[in-house]
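Taken straight from Swiss-Prot:
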{"type": "MOD_RES", "residues": "Ala2", "note": "N-acetylalanine"}
{"type": "REGION", "residues": "2-184", "note": "region 'Interaction with MAP3K2'"}
{"type": "REGION", "residues": "38-59", "note": "region 'Disordered'"}
{"type": "MOD_RES", "residues": "Thr86", "note": "phosphothreonine"}
{"type": "MOD_RES", "residues": "Ser128", "note": "phosphoserine"}
{"type": "MOD_RES", "residues": "Ser186", "note": "phosphoserine"}
{"type": "REGION", "residues": "279-353", "note": "region 'SIN1-type RBD'"}
{"type": "MOD_RES", "residues": "Ser315", "note": "phosphoserine"}
{"type": "MOD_RES", "residues": "Ser356", "note": "phosphoserine"}
{"type": "DOMAIN", "residues": "382-487", "note": "domain 'SIN1-type PH'"}
{"type": "MOD_RES", "residues": "Thr398", "note": "phosphothreonine"}
{"type": "REGION", "residues": "468-522", "note": "region 'Interaction with ATF2'"}
{"type": "MOD_RES", "residues": "Ser510", "note": "phosphoserine"}
Amino acid sequence: MAFLDNPTIILAHIRQSHVTSDDTGMCEMVLIDHDVDLEKTHPPSVPGDSGSEVQGSSGETQGYIYAQSVDITSSWDFGIRRRSNTAQRLERLRKERQNQIKCKNIQWKERNSKQSAQELKSLFEKKSLKEKPPSSGKQSILSVRLEQCPLQLNNPFNEYSKFDGKGHVGTTATKKIDVYLPLHSSQDRLLPMTVVTMASARVQDLIGLICWQYTSEGREPKLNDNVSAYCLHIAEDDGEVDTDFPPLDSNEPIHKFGFSTLALVEKYSSPGLTSKESLFVRINAAHGFSLIQVDNTKVTMKEILLKAVKRRKGSQKISGPQYRLEKQSEPNIAVDLESTLESQNAWEFCLVRENSSRADGVFEEDSQIDIATVQDMLSSHHYKSFKVSMIHRLRFTTDVQLGISGDKVEIDPVTNQKASTKFWIKQKPISIDCDLLCACDLAEEKSPSHAVFKLTYLSSHDYKHLYFESDAATVSEIVLKVNYILESRASTARADYLAQKQRKLNRRTSFSFQKEKKSGQQ
């Protein structure tokens, strides 16, 4: 047993003892108040009065003044009691009793009295269920749509319906295209079928979407189930297929092309434009002639006249002087435009301006056309590229790609030009419209491996010349192809160039004649 007379040590011991035994915390609060009262009753002593004794006692008790227990701190929740494990267990038992009150216990007892079969039958009496007559109600919209579209479920092109952009207008990038169908009858082919496709679709996907919409609308005749049997061509606003250009590449995205009018054309295995027999009508005009392709002999002469005038004026608006058609063998007799080609019994006509007549000898060209020449002239309008060298003024050359079609001539520099562009000016791309082309002549041919040709065109009211070199076979093919294009197009620039060239030749001839005459007189 220990005897302590220091109240501070005793208070600290009591606090430490109540850490684990006092759950209320009230003793701790009482003891703190007692410390405050103790300080008031024992003020600090005056220095000098038994200073050594006070200093000794204060040195021993300095660490215990207001010493509280280690685990108890003074805060706003100082007097809040933490729940013990016993209280938590009692709370859990209380909740279990409440849940038991909500449950109802029913005791199962065996049935002692036996009931007869009639009593059991009366308990579960069979009900008579009468069959309801079929209701003649209104059909749902879904049933009506399924009856109206019996081919929708059997559409072989359903996989391409996901590229239909009609439900995505305004939310996703789409593209609206008018598609002409040359495989239709003569009446239906005049009206295009509007297709809205996703901008991310490829050309092959667009062909499948066109076939899907064509089949869904129940059009005739039926299409081939293979999408690869069709291709897309550029078409005019009136539905005429532009065969001068190849079909669109099926692997390219459709947003790459800016055409709003296309035509769905069936592919053919044989070379050429189609496997069917091609029919051509020759239209003679001033400074050249044109070959108009027709599908059959049932076409009217009015359609042939419109195509001939459009071919003559090119991209210009069809306005100004009016024209008429005459048979080549019957001058000054206009052809009935409402009649068909079959009733004319002729394949060669002449395009004459109204209120005028054919001059003598203007159209005295040979009417006999070799079929090989016709095929060469038709193929000349198809796009083809050649790799040649362009000759500049200082006689240095630049490798270029020369692309020739029925509408324009494109000159694109080859990208790999490190040697030529290091010291010289880089060649820029050039595009020349065929209406501005004037002539294409062979300049020189030194050997089978080297030849030079000259291309003349109109630029800003002045004639410019471009010189190219390549092997003799390539140069000969290019010159022949360009001349076929020039002969089939009635170009004003070419006519003016030939007239100017003829005037220079006449002036030179007259000058040499006068010079010879003067020398003879002397």
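The backbone N, Cα and C atoms fix where each Cβ goes, and this holds for glycine too.
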Cβ neighbours within the same chain of Ser128 (phosphoserine) - under 8 Å, at least six residues apart: none
Secondary structure of Thr86 (phosphothreonine) (DSSP, helix/strand/coil): helix
Other C-beta atoms that fall within 10 angstroms of the C-beta of Ser356 (phosphoserine): 11
Entry from the modified residues list Thr86, Thr398 having the most other CB atoms no farther than 10 A: Thr398
Helix, strand and coil residues within the domain 'SIN1-type PH' (382-487) as assigned by DSSP: 23 helix, 56 strand, 27 coil
Integer Cα-Cα distance in angstrom, Thr86 (phosphothreonine) to Thr398 (phosphothreonine): 100
Nearest-integer angstrom distance between the alpha carbons (Cα) of Ser356 (phosphoserine) and Thr398 (phosphothreonine): 50
Composition by DSSP (helix, strand, coil) of residues within the region 'SIN1-type RBD' (279-353): 17 helix, 28 strand, 30 coil
Structural state of Ser128 (phosphoserine), classified by DSSP into three states: coil
